[in-house]
Ligand code: FPP
């Protein structure tokens, strides 16, 4: 099978990278700073990975910025995170647009303040037709929420009579999820040492290669990302085939899609 991705220094480039950016709080604590200083520092890592992915030709980058469970954090930290999200959108949207990048936000945005919702909508609108890197921010997002939401919509289509239960195949279901137009993540990265998926893209990560690093998010940079891509590139993706079949047909990114 032919792969559509560009080789980069001889490595197989993932088309879609999904990242859990963990370790901001510990990074700050190590420096005797408030946790929120770690989130501020984390924004520069966000910038670095976006620039890197754009420059090497990755098609999509999904970043977990705020989970549906993060509301449980102290109120002050939640409002710093919201403020940071708003300020970063204000500051970076024009730059993303100039670089032909498309921005979108997945998650239940109805819980956000009016101004943030407006900014998200206008950034999505401005960059809608861009054909370069897809930058996806998961905010107030949870994988179970996303799946439940799709089930609810399909159930009402059944009630309306627009779809029969027998017509709900894996493909039809997947087309009702976020990011249905993008390849599923090839590479998942979690920084900060924990080895969990934490309710991120539960459906879409079914065949994704997982990479965990102890590096705290504010210390994660281009070199660390290149390391993760090299590690990914050396793996054999089987998608249920045998190792021999994979070697014969050179299946890498394009398995069972
Ligand atoms: C996890 O570290 C990080 C977060 C919950 C927030 C991530 C947000 C940013 C990097 C900045 C804003 C992002 C955008 C896209 C503008 P943690 O606080 O759980 O760290 P800890 O595990 O060390 O406590």
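FYI, residue positions are counted from 1 along the chain as it appears here.
Glycine is no exception: its Cβ is also placed from the backbone N, Cα and C atoms.
As written in TrEMBL, here are the features:
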- 22, 209: Mg(2+) binding site (BINDING)
- 22: active site (ACT_SITE)
- 23-27, 35, 39, 67-69, 71, 73, 190, 196-198: substrate binding site (BINDING)
- 70: active site, proton acceptor (ACT_SITE)
What does DSSP call residue 22 (Mg(2+) binding site) in the simple three-state scheme?
coil
I want to check the contact list for residue 27 (substrate binding site): same chain, sequence separation of six or more, C-beta distance under 8 angstroms. What comes out?
38, 41, 42, 216, 217, 218, 219
Can you go through the binding-site residues 23, 68, 71 and pick out those with a C-beta less than 6 angstroms from ligand 1?
23
What is the nearest of the recorded positions 39, 70, 190, 197 to residue 22 (Mg(2+) binding site), using the Cα of each?
190
Nearest-integer angstrom distance between the alpha carbons (Cα) of residue 25 (substrate binding site) and residue 70 (active site, proton acceptor):
13
If we count other C-beta atoms within 10 Å, could you say which of the binding-site residues 23, 25 has the fewest?
25
So of 22, 209, which of the binding-site residues has the fewest other Cβ atoms within 10 Å around its own Cβ?
209
Inside 10 Å of the Cβ of residue 71 (substrate binding site), count up the other Cβ atoms and send me the figure.
11
How big is the Cα-to-Cα gap, in Å, between residue 71 (substrate binding site) and residue 209 (Mg(2+) binding site)?
29
